[in-house]
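J.: This is the feature table in TrEMBL:
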type	residues	note
DOMAIN	207-408	domain 'GMPS ATP-PPase'
BINDING	235, 236, 237, 238, 239, 240, 241	ATP binding site
């Protein structure tokens, strides 16, 4: 992925694999400061190319004593000091600073995990000069601890067990927090981050979504020549629709949208989506019915990653064919494909934001990121690749996308293929799932709960259960209901429905959908699970 154009007050995060790294990014952006993540082992040239005002070293699962422990490049500290760049190490990042600058980090006698009390010692820049003696609860997650600080550093907070909780070297503008200020379990964490960025580092809160929109339009016009045409893959979801609207604003009718019915859509999705595109969004859209083609390729496939790869490949093949048809019409074949890839898609599929992360695992391949074939002929335009879902909705409002459309729950690119566990072509699994999902979602709307839920859907399970329906023994399908609350899809909690609602929905499903005799609810958060079942 290309290097984004950075503002002078950009906060760059070097990622060492912490599950909370994305939260640092979100917390900083919520303060109207642009934040961006790259691999913690990026080269010095790569780091300096972003021209950051502040660099944050994230936490991570490693010990600084491990042979393969990731680290910032040689010369990083010297570069930061000579250029007035502030550096903040969080958890593993603090320990890395201590070890690399001549201090000592050892395996702690007492591990610190979960909520811990810390006390601020004397005057401190990172906590504020008037905070001496203050106690606060924070979220710790470390086994190693700093026992000897490098020259010029001082301890500015300690845990109840006496471990170093925060340190700083004001002359070098280097700071460290052993705990995670970015999580809600550290109640004063946001206050500390705000003070650090604005009062210590002097960062300005001047990043706005309008700025990003204008920047992306500028990039699109620089990328796409005035005589070139572009294809946009529309899924009917918020992400691809906002991406299409943004690109259409940049290049007008040289954008050609295609909506592919892959046979894996929800109940009446093709008719509903095409009606919305035509009446509300006024986007030029061609509908391609490729359901038989996709289902033929998916026959007998049960592995979710394989499903995603197959679907990604078939989508691209269809877009290539669509491009050839446009070439006949306009005399020039489109060279670009627009996709509504979001930051969480990139994070979960591969190195965020796209190059060389090696310190945390791929969670799943998104069909428009990790599921793309290597020999794809079209070049990608992904104007939303640095944004979270709520930020995309904000951009959509600026672009006058109807609010009702922006509030639609996310729907995965591979569609119902990842909501039928097993072979999607076996029996009538897809039809059963469509009916169950429609009942569930409509019930949520009727109860006035739709806007309170981030995502809700049904899942077809590869099991049958014994039941009694109409005084007869049945051996029928089991379906699961999933509803979660979230801000960005990176973490989520299950939605707590009232018992009467669940009772009503279960009865409707079992009485209306032939072949279903049992309904279960998924009450698992993310982590440990993902939102989709696969």
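Just so you know, glycine gets a Cβ as well, placed from its N, Cα and C.
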J.: Determine which residues of this chain, when 235, 236, 237, 238, 239, 240, 241 are set aside, have a Cβ within 8 Å of the centroid of the ATP site's Cβ atoms, and list them as they appear in the sequence.
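T.: Once 235, 236, 237, 238, 239, 240, 241 are set aside, the remaining close residues are 234, 242, 243, 340, 408, 411.
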J.: Given the binding-site residues 236, 237, and counting only Cβ atoms in the protein chains shown, which has the most within 10 Å of its Cβ?
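T.: Selected residue: 236.
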J.: Near residue 240 (ATP binding site), which residues of its chain come within a Cβ-Cβ distance under 8 Å, counting only those 6 or more away in sequence?
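T.: Expected: 232, 233, 234, 338, 339, 340.
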J.: To which of the binding-site residues 235, 241 does the lowest count of other Cβ atoms within 10 Å belong?
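T.: Output over binding-site residues 235, 241: least Cβ neighbours within 10 Å is 235.
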J.: Need one number: mean pLDDT over the domain 'GMPS ATP-PPase' (207-408).
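T.: Averaged over the domain 'GMPS ATP-PPase' (207-408), per-residue pLDDT gives 84.
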J.: Tally every other Cβ atom lying within 10 Å of the Cβ atom of residue 238 (ATP binding site).
T.: 23
J.: Sequence gap of 6 or more, Cβ distance under 8 Å: name the residues on the same chain that satisfy this around residue 239 (ATP binding site), in order along the sequence.
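T.: Once residues fewer than 6 apart are set aside, residue 239 (ATP binding site) is near 340, 341, 342, 384, 389, 392, 410.
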